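K.L.:
Below is a structure I'd like to ask you about.
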């Protein structure tokens, strides 16, 4: 009976029932840990005899149960480190724009505080401020792809350096521009690109160039650069790059320091033509002809090597011009080695006076032959006598006449062997005149 009425044991039982039967406690996960030993059997020993021992065994003093890491607790935002909240895209863009928004005021403040004597720094700051205001830095980052199938035109710019440091004495600017700028105009028409010479030394007036350089005008900012050729091309991507390549290849020809190439020679001829000088072909011809000794005033207006008309002197045979066929001097002197080879008589008009040259002894065979004398003396007489005797005879029309054959044979033997005592023509020679009436009389 004493154990039933013991207040300590009664309090212990009541506390054990409340922990096991209360389903809506502060820690509902106590049910998930059944392997945890209950502290009820140990409490009577440590706190027996008074109500304080029962108060220590209250559930408020128990440690909190362990939770799995994936299960958030009701106070997750308070206990532990809080996660970074997600920002909307507009807020992210604003965060990215903050450096640029700060960069622009800094540049403007630095430009205002900078001394105006620093012209280059002022120009660089102005260019950078303009890029940020226009947003060109963003465009350069975004436009990294080319659409080859679109018909959208693009603009290409290239600067080709002129080697003035390697060749300081050569006038590259004059070679590229040409007389009155005609060369660079033709180059632009051929390549389809806009070509200009820019940089230090591109202007003829050095004082004006220095003044414009110090003026700080953005239009003349190129005067602070090295001397170069600026090429601009506008068109579709494929066509633009092709035009740029062609233009650079043509400009490369003008960067060769050679004054005797075809480009410079054409420019010299064009310059002489613009200045009113006669045609270059005539000037060249005069200089070439003046190398030899000029003859005394020739009657023929033609130049060297072209003598009088094509009769007696051009071929070097004066016999054809005015000498009769019976002249033995020309027959005895072989003309080709003495007259035809020499260039001097070809340019002289008075070649007939050179006929009485010292004759050399000719061979006897040529002197005995003398068929020219027979033609001049007895050719017509033989023809007349033959016509008077043979007009009435019809036997001369026979093709196989014996007298005709004998006459031809006698002529050939006596003529070439030189055995004829007289210098008369053979009788068969005049037969040609009679046979002209018949078409077959020659055979």
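Each residue, glycine too, has its Cβ placed from N, Cα and C.
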K.L.:
Out of 113, 117, 379, 407, which residue gets the phosphoserine annotation in Swiss-Prot?
P.N.:
113
K.L.:
Of the residues 71, 360, give the one that Swiss-Prot describes as phosphothreonine.
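P.N.:
71, according to Swiss-Prot.
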K.L.:
Consult Swiss-Prot and report the residue, out of 10, 56, 284, 302, annotated as omega-N-methylarginine.
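P.N.:
Annotated as omega-N-methylarginine in Swiss-Prot: 284.
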K.L.:
Going by what Swiss-Prot says, which of 13, 186, 282 is noted as omega-N-methylarginine?
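P.N.:
With Swiss-Prot as the source, omega-N-methylarginine is noted for 282.
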K.L.:
Tell me, what is the mean pLDDT of the domain 'KH' (171-197)?
P.N.:
92
K.L.:
Could you count the residues of the domain 'KH' (171-197) that DSSP puts in helix, in strand and in coil?
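P.N.:
Split into helix, strand and coil, the domain 'KH' (171-197) gives 19 helix, 4 strand, 4 coil.
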K.L.:
Three states by DSSP: which one describes residue 150 (phosphoserine)?
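P.N.:
The residue in question, residue 150 (phosphoserine), is coil (DSSP, three-state).
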